Amino acid sequence: MTAILERRESASLWARFCEWITSTENRLYIGWFGVLMIPTLLTATSVFIIAFIAAPPVDIDGIREPVSGYLLYGNNIISGAVVPTSNAIGLHFYPIWEAASLDEWLYNGGPYQLIVCHFFLGICCYMGREWELSFRLGMRPWIAVAYSAPVAAATAVFIIYPIGQGSFSDGMPLGISGTFNFMIVFQAEHNILMHPFHMLGVAGVFGGSLFSAMHGSLVTSSLIRETTENESRNAGYKFGQEEETYNIVAAHGYFGRLIFQYASFNNSRSLHFFLAAWPVVGIWFTALGISTMAFNLNGFNFNQSVVDSQGRVINTWADIINRANLGMEVMHERNAHNFPLDLASVEAPSIA
C-alpha cells in the first residue's frame, strides 16, 4: 500500500512539473527546449565573462607563441577577446578532463571550445523554444524561422568554418577586434567580397535597414490624430485597441506618388511578410556562403582578366582587391608560415 501511494505521489510531482514547464501563464515561458537552453546559455555566458577578464594567453597557432586576449593581461574592451582553441588541438573535442592539467587546458584555449559549444546548443534551443511557445499559443511558426537566420550565421562562423578549415583555431574570436581580424583574414583567404552569396547578404542587411526605416517613418508620419497639440502622439494609442492607429491608405498614397504606384504595398500582411523575409533570406545566403567557403569554394577570381592587344594586363578593381588580399595574407600569422600560400604556389612573375 505504501509503495502504491509513493508511485502516485511521484507521478503527481512529475505531472505538476510538466504542467509548470509548459505553462503559458508563467511570467517567462520555459518549455522543454528551455530546460536545455537555460543551463547551456548560463554556462556559456559565465565562462565567457570569466575568460574575457582573467584567462591566460593562448597558443592559438600551435607554435608556442601565446596570444593574449584578456583584460587582466593589458587589453581593453575593444582589443580583448576570448582567443580560439589552439591549432595543436585542431578539431579534437577538448573538455577539461582531456587535458593533463587546468593550466594546459587554458594554454590551449579550452574555454573557447566550451563557450562555443554551449552557446550553439543554447541558441538552437532558444529557436526551438520560440517555436514551442508559438505552438502552445496557436500562433504561426515564422518567429522561429526568422530567428534561424542569425542561428545559421553563428553556426557558420563558429562550427562549420572551423570544421572546413580543420581547426577550431580558425573560428571567429569572441571579441570586437577579434571579429574584425576574422573578417580581414577571411577576405584574404577566400575573397568573400567577390562571392555572390555575400553580396546577397549585404543586400539583405542594408536593404532590411532601409525598409525598416521607411516603414517606421511612414507609419509615424500617418498616425491618426487622437491627441491634442499639447500631448504626446504616443498617448493616442491604447494597447489592444481594435482600430488602426495609422492610415495605411495615406501611407500607400504618399509612397506611391513618391516612387510609383506599384512600389507601395496595399496589403499590410504582405508588407510585413516582405519586411521579415528580405533580411532573413539575405542572412541565410551569407551563412551558406561562409559554409561553402569553409571548404575553400571561394569568391570569384577575375584577376588579370583584362589585357590589351599586346597581352599586357590592364588592372581592374578585381586586381586591386587581389593586391589587398595578398597584403593581408602576408600580415596574418606572421610566424606560422614564412610566405603566403598564394605567392608561394605559383611561378614568380617577371618584373622586367
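Note: Cβ is positioned from N, Cα and C throughout, glycine not excepted.
In Swiss-Prot, the transmembrane segment annotation falls on 29-46 of the listed ranges 29-46, 245-262.
The candidate set comprises the binding-site residues H118, H272, H332. Of these, H118 has the most other Cβ atoms within 10 Å. Taking a C-beta cut-off of under 8 Å and a sequence gap of six or more, E333 ([CaMn4O5] cluster binding site) has these contacts in its own chain: D61.
Closest to H198 (chlorophyll a PD1 binding site) in space, going by CA atoms and restricting to the recorded positions Y126, Y161, D170, H190, S264, is H190.
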